[in-house]
Amino acid sequence: MSTSTPRRPDARAKPSARHTRDTTTSPTERAVTYGILCLFALIALTPVAGILSTALSSQSSLDTGFSLPKSLNWGNFADAWTRGHFGTYLVSSVVVAVAVVALTTVLATLAAYAFGTMRFPGSNALFYLFVVGLTLPQEAVIVPLYFDLRHWGLTNTYWGLILPQTAQSLAFGVFWMRTYFRNTPRSLLEAARIDGATHWTSLTRVLLPMGRPAFATLTVIVFMWTWNEFLMALVMVSDEAHRTVPLGLAFFQGQHSSDTALLAAAAALIALPVVVVYLLLQRRFIQGMLTGATKE
Amino acid sequence: MTDGTRRPEAATGKGAAVPPKGPAVPGKLAARYRRRAPGEPRAVGYLYILPALAVFGVFLLWPLGQTGWLSLLHWDGLTRATWAGWDNYRDLLTDPELRAPFAHAAVLLLFYAALPAALGLVLTAALTRFRIRGMTFFRTVLFLPQVLAMVVVGVAWRSILAPDGLLNDTLRAVGLDALARSWLGDDSWALPAVGAIGTWVETGLCLVLFLAGAQRIPRELYEAARIDGAGPVREFFTVTLPGLRAEVAVALTLTLVAALRNFDLVYITTSGGPGNATSVPAYEVYRRAFETGEVGAASAMGITLTAVIFALTMVVTRLVEGRNR
């Protein structure tokens with residue numbers, strides 16, 4: 001929307017280089033700073049720790065507080081898996097997430113390749129059309145989308161979840177991959193062309209193998225969004241067979257709201273896959289999520 | 001931030017400018033090797049875009065247009081729709097029950113966007129004074145709320161804010177029994193309670209963004225400021241804040257969109273209640289379209305919400321980035 005250019009995705013902050021130790025800060029100031037940081041870290045972790053401690057507590061205790069459970073009780077997870085049907089919900093979530101990630105990656109890469117390396121009339125206008133999707137709220141499309149999908153017989157199917165979520169992810173995917181293609185050295189493509197590579201071989205043999213970091217970021221971000229998506233599943237799915245985990249948790253809360261231990265175990269099961277990937281690849285997550293807003 | 005990596009031929013602007021023609025090759029050769037000069041328009045580009053555009057068009061742009069159309073109708077989702085004209089939009093302005101969600105959204109904007117950005121800036125000012133050990137750990141922890149499903153966040157906070165939850169237990173333990181209450185069930189406290197959850201989610205995002213930005217500010221500026229005798233406060237206003245303009249714009253954009261798209265959290269924690277104390281536009285769109293059969297009114301609200309988001313995003317970009325960009 002504004003005319004500022006997007007930040008380069010690879011422009012990582014170099015942590016230590018510029019932060020030389022200087023002598024103008026007093027030991028007291030240092031202590032206070034670390035104290036504040038620890039306090040905020042504690043606040044960020046408390047709800048997460050609360051969920052975990054409740055999930056591991058025995059079911060009979062009604063205490064929702066933060067006391068450490070006396071013995072680790074893994075039974076709640078098994079219960080959520082079987083009695084709460086989270087095994088089935090996880091299958092639905094995995095099917096939808098894998099399909100959305102695959103579709104988004106392929107479609108976004110193809111489109112972004114054209115936007116980033118070729119020139120043709122109307123390319124800018126078409127690109128801005130995709131960029132609009134970055135800030136478009138679901139509420140603007142969800143109502144007619146439901147009636148359309150019902151008309152096409154796609155409600156209560158995986159496709160009814162996959163296709164709309166792919167459309168939503170494409171905005172970010174096209175934007176992100178175009179930035180990557182624009183930032184690859186021009187000379188590389190020219191060299192490939194001189195060697196007789198077609199536009200297709202340049203993409204598959206030269207640009208894709210080089211772009212692994214960009215793909216990794218795109219994959220984890222789209223996976224997280226799809227995995228956590230709630231409203232789309234709530235509207236499009238009413239039968240249990242296609243329920244995804246966030247939807248399962250919402251229904252579970254409605255039925256067993258007093259069973260806090262089971263509810264917490266279910267919540268932990270949902271959060272676990274994303275948190276594990278996040279801990280392994282936190283730089284990619286942060287990078288991707290913060291670049292989404294830097295529009296052109 | 002001028003983009004030094006932009007290629008010269010792409011910098012000519014609208015892309016469709018007159019392309020440089022390749023050298024004229026004699027007829028027969030030209031037929032055999034129909035090579036284009038580098039940078040010449042390629043029709044094959046449309047082919048690459050087509051699949052993505054088809055999905056994007058059918059499942060996002062087309063429904064967006066339909067929402068606009070539906071917003072001009074009176075429709076319960078079942079029987080024949082009747083023409084409404086601008087009625088649904090007029091109701092948004094006049095009906096207090098339809099206006100309230102937008103007022104609530106405005107309150108939530110303070111909690112989701114203004115407060116986290118302010119907290120993030122203050123913390124950044126403190127954290128850039130010297131090199132912090134273990135920054136990766138703190139960054140990972142502070143950003144964690146961003147990757148959790150809002151449904152999970154809602155379940156976690158519901159138990160903390162419950163009448164016998166952690167917050168009330170803590171208040172009672174320190175002798176503030178009078179303050180303990182059912183936070184999400186209280187007419188006047190439910191909205192701030194939902195807002196506080198938003199602050200919890202968004203503060204880490206702002207802080208991580210600002211810290212990354214602050215590291216790009218040249219150290220010499222700080223040294224110059226200190227030589228001129230600037231204290232921490234002057235240093236913040238003369239060096240840190242101006243250096244973080246772009247980051248503030250990004251943070252405000254992301255958080256205000258999150259504040260206005262806020263459906264999951266309200267659905268899980270309060271369902272808009274008690275009464276309609278926490279009803280927000282995103283939730284009302286769902287409720288009216290799929291529960292009470294007011295599809296036209298829901299659509300009008302969806303369109304208005306979109307317009308508000310776009311307008312606010314643009315205002316933020318203009319205000320914070322200024323005219324020099």
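Heads up, the Cβ atoms here are built off N, Cα and C, so glycines get one too.
Any TrEMBL annotation is an automated prediction that lacks curation.
As given in TrEMBL:
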- A:90-281: domain 'ABC transmembrane type-1' (DOMAIN)
- A:1-26: region 'Disordered' (REGION)
- A:31-52: transmembrane segment (TRANSMEM)
- A:89-113: transmembrane segment (TRANSMEM)
- A:125-146: transmembrane segment (TRANSMEM)
- A:158-177: transmembrane segment (TRANSMEM)
- A:215-237: transmembrane segment (TRANSMEM)
- A:261-281: transmembrane segment (TRANSMEM)
Note to self: How about long-range neighbours of the transmembrane segment (A:261-281): same chain, 6 or more residues beyond its ends, C-beta under 8 Å?
What the structure shows: 48, 50-52, 54-55, 57-59, 61, 73, 76-77, 79-81, 83-84, 86, 90, 216, 220, 223-224, 227-228, 245-246, 248-249, 252-253
Checklist line | Maximum Cβ pairs under 8 Å to the transmembrane segment (A:158-177) - stretch from the list A:31-52, A:89-113, A:125-146, A:215-237 | finding: A:89-113
Check: To the transmembrane segment (A:215-237), which of A:31-52, A:89-113, A:125-146 is linked by the most Cβ pairs under 8 Å?
Finding: A:89-113
